[in-house]
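**Student:** After the C-alpha cells below, expect a handful of questions from me.
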Amino acid sequence: VLQSSSSLKASYEDWLLTYGLSISPFHMRWQTALFNHQFYNWGRWKPRFLYLWFSMGMVFGIVAMFGSVILLGKTLMQTLTQMLTEAPKAQNDRMLQVVVSVLSSGLHLRAVPGVNLPVSQLTYFFSAILISGVIHEVGHGVAAIREQVRFNGFGIFIFIVYPGAFVDLFTTHLQLISPVQQLRIFCAGVWHNFVLGVASFMVLFLLPAILFPFYYTGVGALVTEVTEDSPANGPRGLFVGDIVTNLQDCPIYTVEDWNSCLGDISQKSQIGYCINTATLQQLSFPARVYRRLDGTVECCSNNSLTDICFSYSNSLDSHLYACLPARKVIEASKVCRTNMDCQKDFVPSFCVTPSLENQTRLIRVKHPPHIDMLFVGHPMHLQYTVSLSSFVPRHNFLSIDLPVVIETFCKYLISLSGALAVINAVPCFALDGQWILNSFLEATLSSLIVEKQKREFVGFLILLSGSTLLAANVALGLWMVTAR
C-alpha cells in the first residue's frame, strides 16, 4: 500500500511538473514557455523605441518610488487623525488607502470582496486584477529581453482568491548587467501599470465620442436596474428604460448629475412648494399635531399613504401645519424656500415645506412621459438601489448595459492598475520597490559609499522603513473597513 501511494504521488508530481503546475496551501500557479517566442518578438521589436520607452519607465519608476512613500505617509497620518477625532471624512475625499498587498497585487480600500465590494462586480474586480498583473509582468519580460536577459517563461498564479501573473528571468544575467539596465527592467512593471491606467482613463473620457454612432448622451440618466427592495420600485416608480431628467429643480443630463443632485438634496434643507391660500384651505383637513422623538412635527394619520404633513408660516411668522395630499400639492407647483418666492400676480400664496424626520426628504423625480415619481426617504437609499447610465441607445436592438460594462471595467482598471503601480513602487521587501531601490542605490551611491556592504545596509534600513509604513497602512486600512 505504501509503495502504491508513493508511486501515485510521484506520478501526480510528474504530471504537475509536465504541465507547469504548482499547488500548495492557499497558492496555485501555472508556468509555461508557450509565450516565449512572442515575448522575444516583442523584446526585439524596434530596439531604439523600446530603449526610449523603458528609459521613460525608469524615470517614472524612480519618481513613483519616492512619491509612493510620501503618499503612504500622508495617508497614514490622515487615517490616524480620523481615528483620533472620530469624525471620518467621506470615502471619496480620502487619498489612496492600502488594504491588502499580496506579492504583486495592490487593492484599493473601496474594493474589498466580502466587505464593501458588491457581489455583482466581482467579475470586474478579478478581471481587472488579472489584466493589470499580466500587463505588469509583460513589462518586466519585454524589458528583460531588450536588455539581453534570458527569459525562461511566463505564468499565472492564484493566491487564496486573488489572481496575478509572473515572469521567470535568468537571475545570473540580471546580476551581470549594469544597475541602470536593471532599473529599466524593474521599473517596467509599474510603468506599464501607469500606462494602462492612463489608457483606461482616456477610453473612459472619450467613451461618448467612441460610442456616438450607437448611443447618445446629454438627455438624462437612463435607468438600467431597479432593485426589488428599492423605494423606487412600484407602479408609480422607476422602470428599466426610463430617462430621468430632473430631481426637484435640479436638471439631470448624466449619471454624475444624478449623484451630484442627490448629494445636494441630502445636504440642504427640504425644499418647499408654492400653494395659493384658496387651494391650501381646500386641500387641508383637520388633523392632530404631535412631535416626533427627533423634534420634527407630524400632522397626518400614520395610515395615510398619500398625505404628508406640510409646515408653513403666515404673516405673523407663526409656524402652522397642514395635512395635504402630496401629489396635488407638488404637481405643477413652483419650488420655493420662503413665502417671498411665491408672490406672483398678487395671489396670496404660501411656501409649504414637507415636515419630515431628520435626513428624510420628499423628492420629485421627473422621467417623462411618465407621471412624476414622489420619493420619501433618505436620498442615499435612492442612489444605492437605482442603477443608471448616461448613454441612451439610438436603436432598440442595442444593449443598455454595454456602456455601463465598459465604464465600470475602465474604472476598475484605473483604480487597480494605479494601485498596483503605487504599491509595487514602495521600497518594501518582496515588492518591485526593493529591487528598484537596490539598483538605484548602486547607480547613485557607488562613488560616495565605496563599500558594497555599507550600501546594502543603507538599503536595508530604507526597506525596513518602507515595509513598516506599508504594513501600518494595511493594518489600519483593514481595521477602518471592518470597523464599519
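Backbone N, Cα and C define each Cβ position, glycine as well.
Annotated domain 'Peptidase M50' per TrEMBL: 124-464, in sequence order. Feature annotation from TrEMBL assigns transmembrane segment to 50-73, 124-144, 151-170, 190-212, 412-437, 457-481.
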**Student:** Does the transmembrane segment (457-481) reach the transmembrane segment (50-73) with at least 3 CB pairs under 8 A, where each pair is 6 or more residues apart?
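**Tutor:** Output yes: the transmembrane segment (457-481) sits against the transmembrane segment (50-73).
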**Student:** If I count Cβ-Cβ pairs under 8 A between the transmembrane segment (50-73) and each of 124-144, 151-170, 190-212, which range comes out on top?
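**Tutor:** That would be 190-212.
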**Student:** Summarise the model confidence on the domain 'Peptidase M50' (124-464) as a single mean pLDDT, whole number.
**Tutor:** 91
